[in-house]
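Okay, so here's the structure we're looking at.
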Amino acid sequence: MTDEKAPVPARRGFLKAAAVAGAGAAVLATPGVSRAQTVTWRFQSTWPARDIFHEFAQDYVNRVNAMAGGRLRLELLPAGAVVGAFQLIDAVSAGTLDGGHGVSAYWFGKNKAFSLFGTPPAWFYDANSYLAWFYYGGGEALYNELIGQILRVNVVGFQTGPMPTQPLGWFRNPITNVDQLRGLKYRTVGLATDLFNALGSAVTALPGGEIVPALERGVIDGAEFNNPSSDRVLGFPDVAKNYMIQSYHQNTETFEVLFNKAKYDALPAELKAIIRHSAEAASADMSWKQQLRYPNDLQAMASTQGVNVQVTPRPILEAQLRAWDGVIRNLESDAFFKKVTDSQREWCRRVSAFYLRYQASPALAYNHFFARG
């Protein structure tokens, strides 16, 4: 008598069956996002379509769409397509929009601590140092405390995109001393509004697409937006010819990517990871892309559009730093605001001190190689 063994299924058939079962389990676990269909989310920026910032938003969207494998697609819309720039966070929270790209300073009216997440005081070494604090120094947990526990906004957010120091701005006449800031009708956003109020300016907060028309009509006397590429394409050189570069009002800023929290929480883990890591990838790409775009546009404005580029005088920079002292002191009466600034100061004392001591001066090397007569 011989033993008869049951036939062993072919390896290929077994793997195929396992794959089908696994895919079915994934679909059952996340009924809103199946592998057989594409879910499209409306994702609005706070920037005009022609602005390089909207291009940076598109770069983020492209990364999400490329890595999501057809399961999730972000549809990018410019500022105003659904809501105005300053209304973005409310629209995302309500689900009117699924996500968006902007800056935390635009929500300054809800809580002044928002501006600490993207446009903090002038104590960070640079914007990458701020992002390091956010992701490795406890900043993200504080940010989540603000949006989730204090304001209870139905959003999840990520910081991305380090920006260089912003200019003092655009003026019809050069700003050569602090007295000229007193009574000046000036546009800025975030904590910088308190800073310029302390310097005696009359501050108006406007989104990017509304600044040049306000300058042209005389509603404001001066304004900053962000960088040479944005400023040029938005038309600043057409209404003012004096461009004052270097300032401490926003020497550190980053973007914020927002999503409706309920919809984000319903995503499978791999799509959540794509949304998060796309912010990291787009951040690096932006820091490389702006390296040449900004210098090229600054040079073009000076050489072809008659823009007078001047460095902000040191006494004005020193006055800004003194004004920061008072602004911070006043706002630290709020316990959460102080909790964040204490965390940032502790980081900067250690990290900025290291780099100031450790790094050789780039100015010394540049002058050696390129500034010799």
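Just so it is clear, glycine is given a Cβ too, placed from its N, Cα and C backbone atoms.
Take the substrate site that TrEMBL assigns to Q166, R187, Q250: the candidate from E145, E224, E256, E270 listed for it is E224. Taking the mean position of the Cβ atoms of Q166, R187, E224, Q250 as the substrate site, the remaining residues of that chain whose Cβ falls within 8 Å of it are P167, L168, G169, T188, V189, A192, A223, F225, N226, S247, H249. Reported as a whole number, the C-alpha separation between R187 (substrate binding site) and F225 (Na(+) binding site) equals 8 Å. If you draw a 10 Å sphere around the CB of E224 (substrate binding site), it holds 25 other CB atoms from the protein chains shown.
Cα of Q250 (substrate binding site) to Cα of F225 (Na(+) binding site): a span of 10 Å. Fewest Cβ neighbours within 10 Å among the binding-site residues Q166, Q250: this applies to Q166.
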